Amino acid sequence: NPTLLLLDEATSALDTQSERLVQHALDRAAVNRTTIVVAHRLSTIINADLIVVLDHGEIVEQGKHNDLLQLNGVYANLVRKQQIDTQKIEDVTDNAAQNNSELDTEKLLEQEQLEVKQQAQENQGLEETHSHSTIGNALQEQPDEKKEVNNAFHSRHSSVTINAYDLKLKQKKEEKKSMKKQKAPVFRVFMQMRPEWKLIATGMIGAAIAGSVFPIYSFLFAKVITIISVPGGNVNPGPMQGTNLYSFLFFVLGICAFIGFAAQLLSFEVAGELYTKRLRSQIFAAYMRQEIGYFDREENNAGALTSRLAIDARNVNEMVTKVWGDVTQLCVTLIVGLVIAFVYSWALTLIILCLAPFLMAATGYEAKIHRGFEDKTKKANSESGEVAGEAIREIRTVAGLNKQHHFEERYFYATDHPHRLAQRKAYFSSIGYALNRGITIYTSVVGFYAGVRLIINGNINFEQMFTAMTVIMTAAQTAGRSSVFASTFAKAKYSAIASFSVIDRRPDIDPELEGLEPAVGSIRGDVEFQDIKFAYPARPDIPIFNGKFNLKGKAGQTIALVGPSGCGKSTTIGMLQRWYDPMEGTVSLDETNVKSYTVNNLRSHQALVGQEPVLFDLGIIDNIRFGVDEGKEVTQEQIEEACRAANIHDFIMSLPEGYKTRVGDKGSQLSGGQKQRIAIARALIRKPRVLLLDEATSALDSDSERVVQEALDNILEEGGRTTITIAHRLSTIQNSDLICVIKDGRVIEQGTHWELLELNNVYAELVHEQSLSML
C-alpha cells in the first residue's frame, strides 16, 4: 500500500485491450496516493492532474492535457504525431464510441476471468468429455454476453484431448528411465579421441608402470623385513647385497613411479583438454542447428545449456582420462600382485581370494550410491542456479521491491535440497566405504590366521607368508579405491548421454537439408498463409491458429498485422522465417512452400527488426556486417548507404571513433532509438525482399519514434520489397496497403485504414481507443 506509486512505461508493450485492463487497474491503484507516470503513449496520461514535458533535462511545459494543447507547443506537437487520422468519415468516432461503451472494461475483465478458469480446468487434467460438460453448464448459467465469450474461447480449445502437462511429465519420466538403461558410450568417446590416441597410449603405459609400482614395492618391503627379522640376516652387507641392494632397488622404483605417474597424468590431462575443447565445439554447433522451439522448452533454459557446455563436456573426457587410467593402474596392480602372491604361496592366495566377492560387493554398493545421487544432485544444483540467475538478472526489480531477503531465503531453500542430498549421500556412501575398509581389514585378519596355520603345518615359511600377505593386501587396498573412479564414471556416463543426445538430435527444422536456393534478388515477395493450424511446441495445449488462419499479401505491399497480445501476430513472422512450422496448412513465399527452400536461403531473403534490437559488444560496423550472409563481402560505401537510409549515418560520424565505436553489451552505450536505427541498417544491408517489423517503434519515445518512423517510411517509399509490420500503435500503420486484424486464430478484418473504418467494427474500436482529443 505505497504512498508513492511509480509507473515507468507500464503499458508500452501491450495491445489496446490489454492496455485498457492494465490502465483500469492502475487508475484504481492511483486513488488517494501520489502517482508519477512515465509514458510514451500519451493516451494513458490524458487525465493526469499534472503533465510535465521534459526536453534535454529541462521542464519546458507543464499543466493539464487541454491546457497544454492550447499552448500549441511541444506537448501539442507530440499529440499530433500520435494522432490517428479519422476525419475522412465523420460518424465513425461516435459509432465507435457507442460500440466501445458496449465492450467496456468490466466485460473485458469478465472475459479474462472466464478464460483463466477454463484454462485452469484443462491444466488440472480434465478429460475432454468432462471439459465439455463443465463448460456447457457454465454457458447455461452465464448471461448471453458471457456465453458469447465462452463459445469463442471454447471453439479454440475444445480440440485439446489430452493434458499437455501430464504428457510432459510422462515424457520426462520415460527419458529418465531410458537414460538409466542406456550403456555408457565408452567406445564412442574412445573413437572420438582418435587424434589423442598417442597421448592415451602414453598415458596407459604410464598407468601400467604406476600400477606395478605398489605390488613391487610391497614385495621389496617384505624382503627387507624378512632380512631384518631373521636372526643372522645380512644386515651389514656389501655395496649391492642384502639391505643395500634393496635400498638401491627402492631408489630405482621411485624413479619408475615418478615416470609412470607423470606420464599417466600429463598425457591423459592434455588429451582430455583437447577432447573437451572439441566436444564443446560440437555441442555448441549442435545448439546452433536446433530449431527455435528447442530453446522454448523449460529444460533447455540458458543455465542448463551453458552448464552442459561447461560441466558435461569436461565430465565426458574423464570417462577416458580419469577412469581408463585408474582402471589400467588397478588391473596391473592386481595382476602383478596376484602373480607374486601365487608364486610365493598359492594356498594362502586362494584363501584370501575367497573373500574377494565381499570386497567387490561393498565396492559395488558404494558405486551404486554415487550413481543414484548424481542425477538428483545435478538437478537440485540446476534449480538453485536458476534462482540465483533470476535474482541477479533482475536485480533492479529486486532492489526496487526490497525483496533481497526474499530471494536470499529462496536461494537458501533451493540450496538446502542439494545440501540434504549431499548429507544423505554421505550417510549411505560412508556405509559402503566403511564396509569396504572393514572387509579389507577382515581379509588381513583371515590372511594372517591362515598364514600362521600354514607355517605351523610346514607348508610355507615366514618369508613366503609375509611376502604373499603384503602383496595381496596392497592389491586389495588398491581395489578398494575403485569406488572413487566408480563415482567419476557415473558422472561421465550421464554427461556423455546428455551431450551425445544433443549432438545426435536431428532438429525438426534442419538447416542442413537440401532445397531450393534462388539467387538474391530473384524473389518477388508474394506471401501467403493458407489454413494454418499451429500451437507452440512448448505449449501444445494452447492453440494459436485453429486451421482457419488465411492471409495473402502481394509483392511490394506493406502489410500490417494488428490484434490483441497472443493472437499470433509474431507467430506469422516466426513461421515465415521457419522458426516454427505449422501443424497443418502451408506458408508460401512466391507460391512455393517455405519448406522447399533451404533454411539459410529462405532467411537470406528476409530481414527482421524487432521491438528490442539485439546488438553485440562489437563495433557498429561489425554489427551491421552481421546482416549479410557469411562469405559475402560488403563495402564501406554500402554500409554507409544503409545507415543513411536508416537515419543513423550522421550520428555515427559524430562519434570519435565513427563506425568502429563499440556499442557495449546489448548496445548499452546507445539510446533505444540509436540501437533501433542500427538494427534497421543491419536489416537493409542484406537487401531483403521481405522486411519484417515486429513492434519496431513501440518502446521508443515520440522523438525517437519519429526519427525511426521516418527511416521506415523512406524505406517503404523506395518500394521493391514486401513489408510485414506488427504494431500496437495504429498511428504507425495507417498508411499500409493492407491491414489485417487477427483475433480468435483467424483474420477477422482486412483492408486499408479507411476501408476498415468504414466497416465500423473491431479496427474502428481500436482506432477510437487510441485516438487523442485535440480540443
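Using N, Cα and C of the backbone, Cβ positions are placed for all residues, glycine too.
Residues or ranges marked as region 'Disordered' in TrEMBL: 116-153. Summarising the annotation, TrEMBL assigns transmembrane segment to 199-225, 245-268. Marked as domain 'ABC transmembrane type-1' by TrEMBL: 201-491. Among the features that TrEMBL reports, domain 'ABC transporter' is placed at 527-769.
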List, by number or range, the same-chain residues at least 6 past the transmembrane segment (199-225) whose CB is under 8 A from its CB atoms?
-> 193, 243, 246, 249-250, 253, 256-257, 259-268, 270-271, 274, 320-321, 324-326, 328-333, 336-337, 340, 463, 466-467, 470-471, 473-475, 478
May I ask for the residues of the chain that lie six or more residues beyond the transmembrane segment (245-268) and have a Cβ under 8 Å from a Cβ within it?
-> 199-200, 202-213, 216-217, 220, 223-224, 227, 237, 320-322, 324-325, 329
Looking only at the domain 'ABC transporter' (527-769), what is the mean pLDDT?
-> 86
